[in-house]
Amino acid sequence: MTSWSDSPVRHATRLSVAPMMDWTDRHCRVFHRQISRNALLYTEMVTAPAVIHGKRALLLDYSPAEHPVALQLGGSDPAELAEATRIAADWGYDEINLNCGCPSDRVQSGAFGAVLMKSPDLVARCVEAMQAASPVEVTVKCRIGVDDDIPEQRLPGFIDTVAAAGVRRFTIHARKAWLQGLSPKDNREIPPLDYELVHAMKAARPDLHLSLNGGVTSLDEAEAHLARGLDGVMIGRAAYHEPMNALGAADARIWGQGAEADPFTVAEAMKPYIAAHLAAGGRLHQITRHMLGLFHGRPGARGWRRVLSEGATRDGAGLALYDQALAQVKA
Ligand SMILES: Cc1cc2nc3c(=O)[nH]c(=O)nc-3n(C[C@H](O)[C@H](O)[C@H](O)COP(=O)(O)O)c2cc1C
């Protein structure tokens, strides 16, 4: 396995965009990459059986521009996860991440996701098998606990057991998951955030690379967590809904590169990608549905959203409609 010091994603880990099912598909990632050249981008979760038995190109293909890009796997069978990791690493992903934080019913029935926090020994076996199969770093995304866990006990025990199996980098969604009675959406909002516990973990385990996730809505907040000593911050919903607020100044402020991204430049930069997608038989909406928040907070933002949401699903919708939407914000 690649050691941490020469990991190809090392520079990118200070800010990442969270894995989000149905949202962070390849088109969304190409869009986010136009806003930040450096942030680490995560795929949606893909289950290990899907990687092994499903339509691999559909599940795993991505554009070279997306690097550094991490694939998130779901699963709890070490051999299956190892096989899926081998396949994904061959596909060129820069990191393979194991989902130990997703509370949805479907995932619970497969005994993976957040329920794995109750079985750290099993997670250790999973990541050992994945690491043996992977030339790139294997990481873990988890919660601070599940159900009636006491997070101050659950989290350190989980992290220590998984770290003893060789994982150096964790992203911690700073709230518990409740496996019964809460929808996945409620599970991202109702269990209270406990940032202090994540900071305490970093203080107690300074050798581990720990990223905080959950409820971070701006780059200012992300930078405040980094300044307090965390190694990385992962932003989910805010990066999707208000991408310029979350990511627009990241290259300049976090990596000291260039000026703040400009949404018009981003919109222009997407055109060749959109044209290629349309030429290959794809639909405009598949890309622009992820871009509705690009002009959030600017005059004309509603018009941009309206023209795209009403028109981009229509047959034949293409760059002419895209320009019409852009005219709403340029006016
Ligand atoms: C639509 C949606 C889909 C999600 N899918 C996944 C997923 O596939 N894997 C995962 O680990 N977390 C998933 N999450 C959780 C996010 O990665 C993140 O942990 C959570 O949204 C908290 O971060 P935020 O407050 O910055 O959004 C999803 C969240 C949303 C909103």
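Positions of Cβ are set from backbone N, Cα and C atoms, glycine also.
The active site, proton donor feature in TrEMBL is assigned to C102. For C102 (active site, proton donor), the number of other Cβ atoms no farther than 10 Å from its own Cβ, over all displayed protein chains, is 24. Reduced to three states, the DSSP call for C102 (active site, proton donor) is coil.
Summarising the environment of R237 (FMN binding site), the number of other Cβ atoms within 10 Å of its Cβ, over all protein chains shown, is 17. The FMN binding site annotation in TrEMBL covers P19, M20, M21, Q72, K141, H173, N213, G214, G215, G236, R237.
Under the heading domain 'DUS-like FMN-binding', TrEMBL lists 17-323.
According to TrEMBL, the site 'Interacts with tRNA' annotation covers N99 (among others).
Positions annotated as site 'Interacts with tRNA' by TrEMBL: K185 (among others). Its Cβ placed at the centre, K185 (site 'Interacts with tRNA') has 9 other Cβ atoms within 10 Å. Reduced to three states, the DSSP call for K185 (site 'Interacts with tRNA') is coil.
What TrEMBL lists as site 'Interacts with tRNA' is R188 (among others).
Annotation comment: TrEMBL describes R302 (among others) as site 'Interacts with tRNA'. For the recorded site, R302 (site 'Interacts with tRNA'), the DSSP three-state label reads helix.
According to TrEMBL, the feature site 'Interacts with tRNA' maps to R305 (among others). For R305 (site 'Interacts with tRNA'), the same-chain residues lying six or more positions away in sequence with a CB closer than 8 A to its CB are L292.
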Which value does the mean pLDDT take for the domain 'DUS-like FMN-binding' (17-323) in this predicted structure? 96
On the three-state reduction of DSSP, what should I expect for K141 (FMN binding site)? strand
Pairwise CA distance, R302 (site 'Interacts with tRNA') versus R237 (FMN binding site), rounded so that it is a whole Å: 19
Nearest to G215 (FMN binding site) by Cα distance: which of the recorded positions N99, C102, K185, R188 is it? R188
Local Cβ density at G215 (FMN binding site) - other Cβ atoms counted within 10 Å: 18
Just to verify: the residue among K141, R188, R302 with the fewest other Cβ atoms within 10 Å, which of the recorded positions is it? R302
DSSP, reduced to three states, assigns N213 (FMN binding site) to strand
